[in-house]
Amino acid sequence: MVSVRIGQGFDVHAFDEGDHVMLGGVAIPHSHGLKAHSDGDVALHALSDALLGALALGDIGHHFPDTDPQWRGADSGQLLTAIYSSILDAGWRLGNADLTVICQAPKLAPHILAMRERIAALLQCEQGQVSVKATTTEKLGFTGRKEGIAVQAVVLLESQ
């Protein structure tokens with residue numbers, strides 16, 4: 001019998017100066033960047049927290065604190081890879097991941113496939129195991145006012 005664990009992650013970043021946002025490991029042209037200590041990939045941060053949460057291993061801030069200068073500007077894909085390596089070492093593997101990106105802008109439809117492909121590559125899995133969806137808050141709240149981006153992520157881990 002296969003054992004399973006479920007993890008949920010959530011992250012938010014405000015817009016800042018810049019000409020693109022990193023989402024799901026993909027640079028997406030935009031009038032702003034995201035304010036963050038690392039590269040600000042809010043999607044990979046939420047996904048990292050979901051993976052860690054499934055095994056009660058804390059959160060991304062515990063493993064890669066923003067008070068540590070070595071993580072300034074860090075590639076969130078590398079952080080996710082390190083986290084997933086520890087998941088594999090613990091005897092688990094990804095069943096599936098489901099991410100919902102919440103923002104008014106930028107428009108993400110043209111980038112969803114690339115995000116799914118990149119996340120699947122980072123997690124050494126099939127693209128069909130990764131879902132990325134985008135939605136808005138109908139111009140309500142901070143995302144609706146175009147002040148930032150939020151992401152929810154859920155993962156299912158299976159014992160190996």
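Cβ coordinates come from backbone N, Cα and C, glycine included.
Quick look at what Swiss-Prot annotates:
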type: BINDING; residues: 11-13, 37-38, 59-61, 64-68, 135-138, PHE142, ARG145; note: 4-CDP-2-C-methyl-D-erythritol 2-phosphate binding site
type: BINDING; residues: ASP11, HIS13, HIS45; note: divalent metal cation binding site
type: SITE; residues: HIS37; note: site 'Transition state stabilizer'
type: SITE; residues: THR136; note: site 'Transition state stabilizer'
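Annotated divalent metal cation site ASP11, HIS13, HIS45; additional same-chain residues within 8 Å of its Cβ mean position, judged by their own Cβ, are VAL12, LEU34, ALA36, GLY40, ASP41, VAL42, ALA43, LEU44, ALA46, ILE149, VAL151. For HIS13 (divalent metal cation binding site), the count of additional Cβ atoms within 10 Å of its Cβ stands at 21 [all protein chains shown]. Between the CA atoms of HIS45 (divalent metal cation binding site) and HIS37 (4-CDP-2-C-methyl-D-erythritol 2-phosphate binding site) there is a gap of 12 Å.
PRO65 (4-CDP-2-C-methyl-D-erythritol 2-phosphate binding site) counts 11 other C-beta atoms within 10 Å of its own C-beta, drawing on all protein chains shown. Remark: of the binding-site residues HIS37, HIS45, ARG145, the most isolated position is ARG145 (fewest other Cβ atoms within 10 Å of its Cβ). For ILE60 (4-CDP-2-C-methyl-D-erythritol 2-phosphate binding site), other Cβ atoms within 10 Å of its Cβ number 24.
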